[in-house]
Amino acid sequence: GIVRYTKMKTATNIYIFNLALADALATSTLPFQSAKYLMETWPFGELLCKAVLSIDYYNMFTSIFTLTMMSVDRYIAVCHPVKALDFRTPAKAKLINICIWVLASGVGVPIMVMAVTRPRDGAVVCMLQFPSPSWYWDTVTKICVFLFAFVVPILVITVCYGLMLLRLRSVRLLSGSKEKDRSLRRITRMVLVVVGAFVVCWAPIHIFVIVWTLVDIDRRDPLVVAAL
């Protein structure tokens with residue numbers, strides 16, 4: 001609908017389309033990943049291994065970058081309404097979406113190159129083969145993902161919505177409008193939902209991966225194995 005109908009081509013809806021596109025690509029890999037876990041091997045060859053692993057990273061980064069840009073977009077709309085007339089256009093939203101995919105390619109393309117299939121214990125595994133020393137590049141990759149796909153976006157989103165709420169609060173106090181007061185409460189709830197959903201969805205996996213990478217834990221512990 002967003003692609004076909006002109007009325008839907010607002011900056012916000014174009015960002016939503018980008019989220020939907022990233023999620024659709026990720027969904028297309030689920031049958032292969034499900035089969036891998038059920039069969040305990042990778043029967044689909046190296047080409048699909050490269051595609052599936054790179055799409056995972058593309059989805060992670062494009063989704064988070066898009067959500068972050070939506071926060072910046074809302075901040076500009078609320079705090080700088082005059083600038084918003086020039087910034088919040090469909091053409092610029094499309095350009096930003098393209099830039100998001102280009103930035104995500106900085107991770108997605110190397111992942112595609114490093115993804116390989118290897119025999120292991122009578123099965124085939126789809127894995128990332130890092131340059132030597134592999135432990136070092138594996139650790140660097142996980143730290144970079146943690147910073148740029150979680151910590152930095154959370155900071156940007158929190159700052160944007162915090163400034164937006166301060167602006168709306170000052171407007172409400174100046175006008176004393178009950179309608180603006182209700183609007184502030186609605187937007188406050190929306191902010192809590194957006195930031196809360198972001199943290200709830202991404203924090204567990206990012207924290208688990210960074211702890212797994214940096215902390216010396218017993219990987220044979222049944223609780224650790226269960227968490228995997």
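For all residues, glycine too, the Cβ spot is worked out from N, Cα and C.
In Swiss-Prot this protein carries:
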TOPO_DOM  4-13  topological domain 'Cytoplasmic'
TRANSMEM  14-38  transmembrane segment
TOPO_DOM  39-50  topological domain 'Extracellular'
DISULFID  Cys49-Cys126  disulfide bond
TRANSMEM  51-72  transmembrane segment
TOPO_DOM  73-91  topological domain 'Cytoplasmic'
TRANSMEM  92-114  transmembrane segment
TOPO_DOM  115-134  topological domain 'Extracellular'
TRANSMEM  135-166  transmembrane segment
TOPO_DOM  167-189  topological domain 'Cytoplasmic'
TRANSMEM  190-212  transmembrane segment
TOPO_DOM  213-227  topological domain 'Extracellular'
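No contact links the transmembrane segment (14-38) to the transmembrane segment (135-166), because fewer than 3 Cβ pairs that are 6 or more residues apart lie under 8 A. For Cys126 (disulfide bond), the same-chain residues lying six or more positions away in sequence with a CB closer than 8 A to its CB are Lys36, Trp42, Phe44, Cys49, Val52, Leu53, Ala115, Val116, Thr117. Only residues 6 or more beyond the boundaries of the topological domain 'Cytoplasmic' (73-91), in the same chain, are considered here, and those with a CB under 8 A from a CB of the stretch are 9-12, 14-15, 160-161, 163-164, 167-168. In the shown protein chains, 23 other C-beta atoms lie within 10 A of the C-beta of Cys49 (disulfide bond). The topological domain 'Extracellular' (115-134): residue composition by secondary structure is 1 helix, 12 strand, 7 coil, according to DSSP.
When the topological domain 'Extracellular' (39-50) is classified with DSSP, helix, strand and coil residues number 7 helix, 0 strand, 5 coil.
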